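Noted in Swiss-Prot for the protein shown:
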BINDING   Asn116, Thr166, Lys170, Arg288, His320, Ser372  substrate binding site
ACT_SITE  Lys168  active site, proton acceptor
MOD_RES   Lys194  N6-carboxylysine
BINDING   Lys194, Asp196, Glu197  Mg(2+) binding site
ACT_SITE  His287  active site, proton acceptor
SITE      Lys327  site 'Transition state stabilizer'
Amino acid sequence: MAVKTYQAGVTEYRQSYWQPDYAPLDTDLLACFKITPQPGVDREEAAVAVAAESSCGTWTTVWTDLLTDLDYYKGRAYRLEDVPGDDTCFYAFIAYPIDLFEEGSVVNVFTSLVGNVFGFKAVRALRLEDLRFPIAYVKTCGGPPNGIQVERDKLNKYGRLLLGCTIKPKLGLSAKNYGRACYEALRGGLDFTKDDENINSQPFMRWRDRFDFVMEAVQKAEQETGERKGHYLNVTAPTPEEMYKRAEHAKEIGAPIIMHDYLAGGLCANAGLANWCRNNGMLPHVHRAMHAVLDRNPHHGIHFRVLTKILRLSGGDHLHTGTVVGKLEGDRASTLGWIDLLRESFVPEDRSRGIFFDQDWGSMPGAFAVASGGIHVWHMPALVAIFGDDSVLQFGGGTLGHPWGNAAGAHANRVALEACVQARNEGRQIEKEGREILTAAAQHSPELKIAMETWKEIKFEFETMDKLAIANK
């Protein structure tokens, strides 16, 4: 074995981090970055700069390089691809040895892959498009505490999508009035009601008062309907200690499910709360507040499919995924891609849906996809077709905005859902025949008829900012 010697100075990154003949190992963590280099910086130079800075490189040679095996620990840029329709940027594929990352810590993965490298001067913009987590790493993560089947068993609800409602106005209600709004929606036919992500413990409604009034409403609705009900009690808090205090109280008063903002609250807090839920038999509903800051710019940030994978590893039984048809951003093909990444046990590479790598989840359970944001009864046929059964449809204004009140709005949504599920099961093309299906159901439901009349002109037709960059969509 040759003796390694130290030579001070600066070595070009490409001498160590560009390896186009590298065949990624099954145990490698693979990343796809979209890189927009600075003028005058060629593609290879930009790619290897990202590979070095996100693994074990630094700007100059250091003598401590001799104390380790950099050839093993380094990230390797192994392939570059054009971005269809955009010659200002390119895709760089980088392989990282699994030993660079702490087992079961998505926090540590993000510290390296979306850390200082995103401020690197060699690149004008940088976006993490996708990650392939090797099964050896997946098995070190906790994942969803319950999973889809366990949640259905807890709720005794099968064969259809679940229905929910975010209570509005999202800020300003007293705890007692808030509980009343929950009760009306639950007795009308919803499975869940939900705290808005903005609701924590403000002066107009402290968290303990809200929890107590809401659980009184849940239990009363259960007694009247004979169905299992729930409310997503938001335990997101200023500190982890306060978060666990709120979670413990939710458990004490019989709540089956709690809620956490996993990006605003932090990945470390989310993983800890998921472990607590696993140990205490609770369901964690996860909201994605803050995601658009990270994922909406098509050239810089983190794609939501990556945030979806991170959540599944970190732990959550529900995740908001967008609606395609509602008021929030979301391309249909991309949305279907990250919904599969959330729910399926194996998802193959599929560039038509923006999936750059095969992803094997092993035995890790999946989670419910949650559609929320500007949806109403007219969207029901499309939502059932797009999302499938293992989903939760959250109608906020589409429930509480009904002219006859919350219970009528909930009833209208339940009738519309059951009509669409029945039509689908009969083999009908529910997206094409949606108007006919809903109109027929409304003949027996005045609540649905009024809802259809109220929102018949409401559409959210805006161009998607983050479009799939594929050659043949």
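Each residue, glycine too, has its Cβ placed from N, Cα and C.
Just so it is clear, the model here is predicted, and its values are computed rather than measured.
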Residue pair His320 (substrate binding site), Glu197 (Mg(2+) binding site) - Cα distance, angstrom, rounded: 11
Cβ-Cβ neighbours of Ser372 (substrate binding site) (radius 10 Å): 24
Recorded positions near Lys168 (active site, proton acceptor), in sequence order, restricted to Asn116, Asp196, Glu197, His287, Arg288 and a 10 Å Cα cut-off: Asp196
Three-class DSSP secondary structure - Asn116 (substrate binding site): helix
Cα-to-Cα gap, Asp196 (Mg(2+) binding site) vs Lys170 (substrate binding site), nearest whole Å: 6
Cα-to-Cα gap, Thr166 (substrate binding site) vs Glu197 (Mg(2+) binding site), nearest whole Å: 9
Listed binding-site residues (Asn116, Thr166), ranked by Cβ neighbours within 10 Å, top entry: Thr166
Euclidean distance between Cα atoms of His287 (active site, proton acceptor) and Lys170 (substrate binding site), Å: 15
Neighbours of Lys194, Asp196, Glu197 excl. site residues, C-beta within 8 Å of centre, Mg(2+): Thr166, Ile167, Lys170, Asp195, Asn198, Ile199, Tyr232, Asn234, Met259, His287
Of the recorded positions listed as Lys194, Glu197, His287, the one whose CA lies nearest the CA of Asn116 (substrate binding site): His287
Recorded substrate binding residues, Asn116, Thr166, Lys170, Arg288, His320, Ser372 - maximal Cα separation rounded to whole Å: 37
Within 10 angstroms of Glu197 (Mg(2+) binding site), Cα basis - recorded positions out of His287, Arg288, Ser372: His287, Arg288
Residues near His287 (active site, proton acceptor) in space but at least six apart in sequence (CB under 8 A): Glu197, Asn234, Met259, His260, Asp261, Tyr262, His320
